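What Swiss-Prot annotates here:
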type     : residues : note
BINDING  : 7-36     : FAD binding site
ACT_SITE : HIS474   : active site, proton acceptor
Amino acid sequence: MAAKEYDYIIIGAGSAGNVLATRLTEDRDVTVLLLEAGGPDYRFDFRTQMPAALAYPLQGRRYNWAYETDPEPFMNNRRMECGRGKGLGGSSLINGMCYIRGNALDYDGWAERKGLENWTYLDCLPYFRKAETRDAGANDYHGGDGPVHVTTSKRGVNPLFEAMVEAGVQAGYPRTDDLNGYQQEGFGPMDRTVTANGRRASTARGYLDQARPRPNLTIVTYATTDRILFSGKRAQGVVYLDGQAQITAHARREVLLCSGAIASPQILQRSGVGPGGWLRDLDIPVVLDLPGVGQNLQDHLEMYMQYECKEPVSLYPALLLRNQPAIGIEWMLKGTGIGASNHFEAGGFIRTRDDDPWPNIQYHFLPVAINYNGTNAIKMHGFQAHVGSMRSPSRGRVKLRSRDPREHPSILFNYMAEALDWREFRDAIRITREIIAQPALDRFRGRELSPGAELQSDAQIDAFVRARAETAYHPSCSCAMGYDDMAVVDGEGRVHGLEGLRVVDASIMPRITTGNLNAPTIMLAEKIADRIRGRAPLARSTAPYYVANGAPARGAKHVEHAPAPSVAAHTH
C-alpha cells in the first residue's frame, strides 16, 4: 500500500502538538497527520477529568509513560520517578493543572542568547494571552478568548490557603494578587487549568476539540513513532507502529517533533540525529552528528514540608473511602465541590537572598499531607508546602538504550550535583519553617511531621533531601534552542543542519523557567505556529513588569520595568 502524504506530520499530541495541529489546520488547504502513542482522553474517566483525582494517572500506565531515572548519584543512588503523559493531551492530561507562566526575566534571559532576541517576555506575553481564557476576564496580561481555560482561586475555599499566604507576607515577603501578572514574586492565589464546570482543561479539550472535526486533520492514536525518515539532510516522513505493523507516512513540508523532553531526543537519536558516538554504539546510521541532542536536561526538584493541622479543616476526610462517592457524585452532576479543584489554590515565589535577580524558590500550598502521586498520606488532619529550587545548575541527559521504540531511554538528571543546589535547599527548608511559624498559622499549626523539627543541622537537612526530595515533573531543555555548539534547534524550532524538521515542546527551552511548564510549552507552540504558517508575529506587548533590581528579598519595593526605546525597536 502506498504511503499517505500530508503537508505536516506532528509526532506527539501533547501540550505543544495539539496547539500546532489546531493552528495549522486553521488553514483549510493544509493537511496534518497527528500521531499519538497513547490512547484517547476518555471524557468520562474521572482519573483524568476530575481535578482532585490528579494523583491517579501517575499510579498506573494507561496515561503515564512511567519513566524511571538511572540511579541518581547525589540522591542515595535512588531511581526516581519521571512521569510523562501518554494519550491525547500528553502531560496536560495528567499534570497538576497549575497555570504558571514563569518569570519575565526567564524569557529576557533566553533573549540574551545569540539568535533568540525575539524571545523576550514582551514578545512572549501576546502568545500567553492568545492561548488563554481566564475566568476573571482579559487585561494587559491575560486573554479572554483563547483555548486554554484558566480558573482563578476564589476566597473561602479553605481557610488554610489564605492563612498560608498571609504567613508568607508576615514573614516579610511580598503579596501578589496575580502570579502571572505584573509581579510573580510573592505569595498569592494560583491560577489553574480547570474549566468553569470543574473539569481538567487539557490541550485535548481546549485545542483538539476545535480541530477534531476538520477534514484536513487526521489523528491516529496508539501510534508509536519508530523513526523519522530522511532523504539526505531533509526529513521526508515518519515510520510508526500500529500494533506490530510498520506504517510509513510522508511529509510534503515538515515533520514536527512534539514528544517532550524525554521522547523527543530519544526519537531524534533513533532516527540518526544526535551524538555520533552514542549512535554508532547502537549501529544506528548517522544522519547528523548533533552533540546537544539529549544533553542539557533540566528539572525542578521539590520537597514536602508537612505539618499536623490542629483544626479539622484539611482535606484528610476526602481521602477516606466512605466519603469519596458523595464527592464524585457532586462533581459529576454539578461540577462543584472538593472534586472540582486541584487544591493547589495558593503558592508563591521568593528570592532566598538579596542578590538573586528573580525568584529561585517556588511554593505550592496544599491543605492535606500527602505525596504528589497520592502515596504516603498522613492519617490525620494536616497541610503541607511543596518547596523547591527553580534554576538548578545541575544538568543531565537522555540517552538511547536500544533501537527498539518501545524501550525507555536512559535518563539521568544529576539532581543536586552542584554546591548551589544544596545551599538553596537548606535555605528553603529554614525559610519555610519561619513562614509556617508566623501568627497567621497559629490556630492551625501543629507539630512538624516532615522533615521533623529535630532536623536542624546542614548535614541533617542534606540527608533528608537526598532521601526524600522528589521530581516536580518538569523535565525540559534536552534539545535546546540557540546557536552555540550544543544547541539543537534555532529560534523557530528548526533542527540545525537539517531541513524539514522542527522540535516544538519543552525540550527546546534553553533554560528551565520559574514555575510549572505547561503554560510556557503552550506559549512557545503558539509562537512557533505563527512562524510555520508564515504569519507576522503578534505585536510586542508594552505591559510593565516587576524587576527586583537588587531590592531586599524581604520588604522589596516595586520597580516597574518597561522596554527601553532601543529594545522596543527590535523586530522579529
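Keep in mind that glycine also has a Cβ here, set from the backbone N, Cα and C atoms.
Projection of Swiss-Prot feature records onto the structure.
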| residue | record | Cβ neighbours (10 Å) |
| --- | --- | --- |
| ASP7 | FAD binding site | 17 |
| ILE11 | FAD binding site | 26 |
| SER15 | FAD binding site | 32 |
| VAL19 | FAD binding site | 31 |
| ARG23 | FAD binding site | 24 |
| ASP27 | FAD binding site | 14 |
| THR31 | FAD binding site | 22 |
| LEU35 | FAD binding site | 25 |
| HIS474 | active site, proton acceptor | 24 |
**Report entry** Rounded to the nearest Å - Cα separation of VAL19 (FAD binding site) and HIS474 (active site, proton acceptor)
**Finding:** 19
Report summary line: In three-state DSSP terms, VAL19 (FAD binding site) is classed as helix
Query - Between ASP27 (FAD binding site) and HIS474 (active site, proton acceptor), the C-alpha gap once rounded to whole angstrom - result: 32
Query - Distance from HIS474 (active site, proton acceptor) back to ARG23 (FAD binding site), taken between C-alpha atoms, in Å - result: 25
Report summary line: DSSP, reduced to three states, assigns ASP7 (FAD binding site) to strand
Report summary line: binding-site residues ASP7, ILE11, SER15, THR31 vs HIS474 (active site, proton acceptor), shortest C-alpha separation belongs to SER15
